[in-house]
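**Q** Quick paste of what TrEMBL says about this protein:
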type: DOMAIN; residues: 4-90; note: domain 'Pyrroline-5-carboxylate reductase catalytic N-terminal'
type: BINDING; residues: ILE7, GLY8, ALA9, GLY10, LYS11, MET12, ALA65, VAL66, LYS67, PRO68; note: NADP(+) binding site
type: DOMAIN; residues: 153-256; note: domain 'Pyrroline-5-carboxylate reductase dimerisation'
Amino acid sequence: MTNIGFIGAGKMASAIIKGLNKDKFSVHISGRNIEETQKTAQALGVNAAPSHADLIQASDIIVLAVKPYVVADILTEHKTEKPIVSIAAGITLADLSAMTTDTQPIVRIMPNINATIQKSTTGIVRNAYVSDDVFNTVKAIFESVGSVHELAEKDFGTFTALAGSSPAYIYMFIDAMSRAGVLHGMPKDVSTKIVAETVLASAEMILKSDENPWTLVDNVSSPGGTTVAGVVSLEKNNFVATVIDAITATIEKNNTMNK
Ligand SMILES: NC(=O)C1=CN([C@@H]2O[C@H](COP(=O)(O)OP(=O)(O)OC[C@H]3O[C@@H](n4cnc5c(N)ncnc54)[C@H](OP(=O)(O)O)[C@@H]3O)[C@@H](O)[C@H]2O)C=CC1
Ligand SMILES: O=C(O)[C@@H]1CCC=N1
């Protein structure tokens, strides 16, 4: 049984812990406040550690699941040679090494909120001090809540935009479509379900088809028909450039988070 300790048990840690196979992993959590930690531990069916030091003592692998600005404080105060896994946005392996030691085994992860339904698309990279055994265990943790993509660290900012943050942008798109349904007389719950089902199936089409997305756009667009009228309107309003700008802004923020 591998002992996994989560420092910080908020939205992401809870989503990951819920998906973990408790026959393979014994899970410990520690937070800012022991009463809150005990309540969260009880709700998740895991162990509450009285302090971060106790959690580190009890764990084989320590997952930092706190907000990025808290990571340095924790790593400065608590030294360990055990492998550290960070899910914090914008904090690089080099940043984490600078907060620990030159030889600290560190894995950097970018999951997404779809871990809540075991469908995270997760990015992973390790430094040179992480053994294959530890790396495979960390991969297994995140495979319990979705797919795992091994990346070069230079691509982590882009991955953060395309997978870590993008659920928010996709929710915005769904809500905008659904609001248009309301404008044209449909109840919001009905239009949201219709749009969400259509987004889900359209994404499945892209994953199952060999065609590129623009060919699929052309397949929907009948000559002189309804779809092309909407496609031209989206383009008049800079839909593609607007989306690309949002992804670039996300990457730029990622690159300056710890500066
Ligand atoms: N949300 C998302 O979609 C994603 C988030 N991430 C990353 O995951 C990390 C966590 O984000 P998320 O789960 O959303 O945030 P949450 O705020 O939900 O969780 C953070 C948790 O850390 C706790 N905490 C704060 N200070 C300390 C401390 N000193 N010691 C221990 N615990 C502490 C907080 O407790 P309290 O509430 O009491 O302050 C809270 O429970 C971030 O670094 C973020 O970049 C990565 C990918 C996606
Ligand atoms: O907004 C953030 O910084 C985190 C990282 C990806 C999703 N949420």
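Each Cβ is built from the backbone N, Cα and C atoms, and glycine gets one as well.
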**Q** What does DSSP call LYS11 (NADP(+) binding site) in the simple three-state scheme?
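**A** The residue in question, LYS11 (NADP(+) binding site), is helix (DSSP, three-state).
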**Q** Which chain-mates of LYS67 (NADP(+) binding site) that are at least 6 residues away have a CB under 8 A from its CB, listed by sequence?
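**A** In sequence order, GLY8, ALA88 meet the Cβ cut-off.
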